[in-house]
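Participant: Structure provided below as structure tokens; questions to follow.
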Amino acid sequence: MLCQNCNINEATIHLYTSVNGQKKQIDLCQNCYQIMKSGGQEALFGAGNASNGNSDEPFNPFNDIFSALQGQDFNGAASNQTPPTQTGGRGPRGPQNPRAKQPKGMLEEFGINITESARRGEIDPVIGRDEEIKRVIEILNRRTKNNPVLIGEPGVGKTAVVEGLAQKIVDGDVPQKLQNKEVIRLDVVSLVQGTGIRGQFEERMQKLMDEIRKRNDVIMFIDEIHEIVGAGSAGDGNMDAGNILKPALARGELQLVGATTLNEYRIIEKDAALERRMQPVKVDEPSVDETITILRGIQARYEDYHHVKYTDEAIEAAAHLSNRYIQDRFLPDKAIDLLDESGSKKNLTLKFVDPEDINRRIADAESKKNEATKAEDFEKAAHFRDQISKLRELQKQEVTDEDMPVITEKDIEQIVEQKTQIPVGDLKEKEQTQLINLADDLKAHVIGQDEAVDKISKAIRRSRVGLGKPNRPIGSFLFVGPTGVGKTELAKQLAKELFGSSESMIRFDMSEYMEKHSVAKLIGAPPGYVGYEEAGQLTERVRRNPYSLILLDEIEKAHPDVMHMFLQILEDGRLTDAQGRTVSFKDSLIIMTSNAGTGKVEASVGFGAAREGRTKSVLGQLGDFFSPEFMNRFDGIIEFSALSKENLLKIVDLMLDEVNEQIGRNDIHLSVTQAAKEKLVDLGYNPAMGARPLRRIIQENIEDSIADFYIEHPEYKQLVADLIDDKIVISNQTQETAETTDEEVPAE
């Protein structure tokens, strides 16, 4: 098969494309393909087809391929990139298509006129940015290097400064040199789009700059200006937008306003030649009071859009609550989001129909009614007549100020609760009862540790009514005491009371963080290490669920760097992860458990001087494991006392309830006599080991016996455990009752 271009060499390259739904195949030799790749269609025709005379052929096979590559139909209207050799092009060889439109200017095609939007009143009022706007005007008024770049965190109002500049130009409140200027926002993505062939992007940029020079009234605004570095460069020697703009920016031929974040501005700073042509203008995050002023300025716009009313308390709550509880965002953006979302939510309850929509539906029904009348389909005509009358009734309904929904502080609080899962509203009746009874509910499950329960309950109550310290966690406690006395159990029950499940907490076993290199897992690996892109195990979970309970089990086993990390968390309620994000712990409850020092102190049971001496001894032993600055940052160091036999009797009841819950799936119920319970306590009592031996005793004497009895007698569902001959025996409850009755009759 010969090359379709030169008809001399063997075709070794086959190109496939789809044009207007039809598959096309082009067969080329290596030489013709290289010519086409480097020089485009004109070079290919000049080199290969000159001898064949095929360059003017109206249906040349290459036309479709180049039309497809350039995003146009060969027979349709050609863009300004169409080579003059193609039929239908702008050259003398191709007749003009009568349907072809006159091409728009590059600025109209790839830009949005912000000044025109300001004239039409389509932009929101810009409030509290007078200093930044004044600084931008001063830079634009310079002779050279008059290109301000607004830098600041996302959502602080950088684009609003440019809109404020456009509004001042419309109002005439600018120097004479800036009068009648047009601020046009350039879309860099659209500018790059469709420039896959080498040289197309440079040509488009050159035409854009020529147009700006001719007009001499354009201030070009590029949002995310760091995109111009590398834009249009395909890696094969093409120049990017930044390099093309450099000469014009230096001489003042082109006035450019940019906006980007602090992190992304570093991309521009890497190109020193480009960076020196720009003048940075820092846009800081507004304060809460300034945010309230901004919200009041745009309040009317959101009220008109959502057909609602905002109270002054709602405006203030949006600023204060967003600043307090929404951590990853910046003012005023996150406060405006609360206004917008609360308005959207309230608007859903409003029975309001757009008048323009009603008019359109009435006109449509009128035309259909007339068509039905002409077709003598009177039943259908009557249907449309009734529909028109209903629409006219709707048209008369108007939403008055009395009917308009009002957004209050409670509505804003509900939005914050939905976003963060943090309860910030007024105490509901159920929650109020829960907080009142919190200590009693915890004491019912955590036996013998009343002091620890009371301190935890008071800390949560303080935080819930707004008396907590603003920059510290809800509470931070170190639980110390011998093993098996309920330190971890108290944390589980607290999570169950607050979040509904004992597993709803962020729990870390500190034995996993004994090595120095493993500490980085909490906040993420540092740059240059494996796992840098992965989030920290602690910081990411707290960032997603700020209202949470964090349990660090056996803290004395952790590497000292973990405690150094928590110094800042316990004091300031914040920590920066490996990605540079600041994570707030202000709404978290931090509990650490430890049995450090208890091994050196003899366990004792009871009250009085002996216990007081033991307490002092344990706290003295803690200094051997923890530094003073670490222990000094806790809200409380709570010692858990050893359990007495009376405590164990109550714990036995709780453990037996768990056994009944497990066997209840098989419709079995177990009753245990008081004598059997006391026997279980005698077998499992060990002050040094706490309640854990009791669980093993119940497993050996109760659970194993139940399993044996049920396998032999599956028909019995009501079981009883009793002490017979100093042994715990499982039997059928009916049988046990009968035997007891027989023994009592002779005694009478």
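Note: Cβ is positioned from N, Cα and C throughout, glycine not excepted.
Below, the features straight out of Swiss-Prot:
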| type | residues | note |
| --- | --- | --- |
| ZN_FING | 3-32 | zinc finger |
| REGION | 74-104 | region 'Disordered' |
| REGION | 107-354 | region 'I' |
| BINDING | 152-159, 481-488 | ATP binding site |
| DOMAIN | 359-394 | domain 'UVR' |
Participant: Look at each of the binding-site residues, Gly152, Pro154, Gly481, and point out the one with the fewest other Cβ atoms around it within 10 Å.
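Facilitator: Counting other Cβ atoms within 10 Å of each of the binding-site residues Gly152, Pro154, Gly481, the minimum falls on Pro154.
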Participant: Taking 10 A as the limit, how many CB atoms besides its own sit near the CB of Val156 (ATP binding site)?
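Facilitator: Summing over all protein chains shown, Val156 (ATP binding site) has 23 other Cβ atoms within 10 Å.
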Participant: Using Cβ-Cβ distances, find the residues under 8 Å from Lys158 (ATP binding site) that belong to the same chain and are at least 6 apart in sequence, listing them in sequence order.
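Facilitator: Listed in sequence order, they are Leu150, Ile151, Gly152, Ala259, Thr260, Val283.
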Participant: Summarise the zinc finger (3-32) as counts of helix, strand and coil residues per DSSP.
Facilitator: 3 helix, 15 strand, 12 coil
Participant: Residues with Cβ closer than 8 Å to the Cβ of Lys487 (ATP binding site), same chain and 6+ apart in sequence?
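Facilitator: The answer is Phe479, Val480, Gly481, Thr593, Phe640.
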Participant: Provide the number of Cβ atoms within 10 Å of the Cβ of Thr483 (ATP binding site), excluding the reference atom itself.
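Facilitator: Step by step: centre on the Cβ of Thr483 (ATP binding site), count other Cβ atoms within 10 Å, giving 15.
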Participant: Near Val485 (ATP binding site), which residues of its chain come within a Cβ-Cβ distance under 8 Å, counting only those 6 or more away in sequence?
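Facilitator: Long-range Cβ contacts: Gly448, Gln449, Phe640, Ser641, Ala642, Leu643, Gly690, Ala691.
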Participant: For Lys158 (ATP binding site), name the DSSP secondary structure in the helix/strand/coil scheme.
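Facilitator: DSSP call for Lys158 (ATP binding site): helix.
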Participant: Based on DSSP, name the secondary structure state of Lys487 (ATP binding site): helix, strand or coil.
Facilitator: helix
Participant: DSSP helix, strand and coil counts for the domain 'UVR' (359-394)?
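Facilitator: Helix (H, G, I), strand (E, B), coil: 33 helix, 0 strand, 3 coil.
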